[in-house]
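Heads up, the thing below is written out as structure tokens.
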């Protein structure tokens with residue numbers, strides 16, 4: 001009888017969850033569908049470009065199309081691939097740099113869902129163009145894939161979509177639990193990252209178009225979620241809705257300038273800029289492992305599952321446990337814990353990059369990736385730190401798109417730089433293949449040093465407090481009524 005009553009209660013809770021899921025469940029779904037597209041398309045995009053370049057190369061020489069993948073690993077093809085990928089990353093970043101502030105301002109004015117939908121549409125269009133350009137290798141230069149970056153003008157691309165997901169999570173969080181919310185939301189993307197490379201490898205064995213079909217379906221699944229989920233942006237007062245905004249305010253640039261006048265936010269942004277080079281390590285790692293250890297790109301993509309597995313442990317278990325322990329047992333503030341996390345993560349990135357450079361075989365590369373992956377918490381920790389300085393829900397999206405813009409600028413610089421270094425390393429050959437990882441090690445050491453400039457929230461706070469005649473950046477809003485219900489799902 002007791003068991004029957006418990007089952008009835010569980011069934012009632014399940015029905016209530018299905019009828020009215022907490023908002024965090026919708027955010028998790030958006031992250032999963034978005035990250036599935038990002039993780040699945042990574043290796044197939046490289047393979048598409050490599051295949052098109054390879055076919056053009058051998059078609060001019062031998063006039064035949066039956067090319068095996070191992071024939072595409074020669075330096076001329078790999079150097080051209082690095083050149084095309086480097087500039088593609090550069091052009092992908094430009095729309096984010098120039099229009100992120102506009103989309104952030106839009107999200108702070110009308111809500112988070114519509115800008116996310118725009119970003120998803122733009123990503124689908126970009127993938128379609130890349131596939132079309134590579135399929136028409138016999139008619140058009142492979143460099144026409146660069147035109148696909150124009151589609152990022154629709155919504156800003158995946159960087160802004162992820163920033164909007166974190167903004168939604170922040171809307172439902174407080175200063176004390178914001179970092180934990182970020183960790184758990186990010187864990188959803190990491191779980192997806194674990195299965196994404198496997199899906200990419202399996203679909204690549206079938207054809208080059210099947211991975212892109214999976215990615216498109218995944219992104220299209222975000223639209224029913226957006227339609228069903230409630231808006232996380234708190235309703236603004238009639239006075240705020242009626243306030244006139246000039247052109248500069250509508251672009252969000254005014255808030256950017258205001259944020260960067262706070263030296264604490266500026267230090268955080270610089271740290272994020274340097275730490276963002278970690279993403280470009282993955283771009284170099286795939287062709288590096290393929291060339292050095294004579295592996296297929298589909299096989300090297302499975303290495304990314306190691307990064308995801310380690311990060312799931314770090315973000316789901318280690319960091320939340322360490323945060324709770326340091327706050328409750330040691331007595332540190334959440335702000336100081338986040339600063340220490342950022343410093344430790346930056347140091348682990350530097351150590352991991354050094355180990356990747358020194359690894360002589362695949363087994364040690366995997367071990368180096370384990371160390372390297374423990375440093376991926378730096379960005380979310382910095383995000384939690386700077387949000388404490390700008391916690392108004394009417395400015396959160398602009399703050400996070402500022403960070404996304406910083407990511408894009410870093411990517412815009414890092415990708416061509418590392419691809420150029422990788423191309424030079426291929427030309428030199430031998431032990432110089434590790435050159436990109438040596439450069440990355442130096443950059444992560446700088447990230448660690450800048451993170452050491454961050455201090456406790458109360459230090460010199462009076463120097464950075466807004467004057468009475470200025471619009472305050474810090475406006476403690478009351479938690480949304482459903483925040484407790486949503487955070488109960490997260491925690």
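The chain as shown is numbered from 1 upward.
Heads up, the Cβ atoms here are built off N, Cα and C, so glycines get one too.
Please treat TrEMBL annotations as automatic predictions, because they have not gone through curation.
In TrEMBL, the feature transmembrane segment is placed on 347-370, out of the ranges 59-82, 347-370. Transmembrane segment is the annotation TrEMBL gives to one range among 376-392, 461-477, and that range is 376-392. Contact between the transmembrane segment (376-392) and the transmembrane segment (208-227) is not supported, since fewer than 3 Cβ pairs fall under 8 Å when only residues 6 or more apart in sequence are counted.
For the transmembrane segment (181-202), the partner stretch with the most Cβ pairs below 8 Å, chosen from 208-227, 263-281, 399-422, is 208-227. Using the rule of three or more Cβ pairs under 8 Å, pairs at least 6 apart in sequence, the transmembrane segment (263-281) is not in contact with the transmembrane segment (116-138). Residues 46, 49, 53, 115, 118-119, 142-143, 145-146, 148-150, 152-153, 155-157, 159-160, 163, 250-253, 255-256, 280, 283, 397-402, 404-405, 407-409, 411-412, 415-420 of the same chain sit 6 or more residues outside the transmembrane segment (84-104) yet have a Cβ under 8 Å from a Cβ within it. Away from its own ends, the transmembrane segment (399-422) comes close to residues 82-83, 85-87, 89-90, 92-94, 96-97, 100-101, 103-104, 107, 156, 159-160, 162-164, 166-167, 170, 252, 255-256, 259, 269, 272-274, 276-277, 279-281, 283-284, 287-288, 379, 382-383, 386-387, 390, 435-436, 439-440 of its chain (Cβ-Cβ under 8 Å, at least six residues beyond either end).
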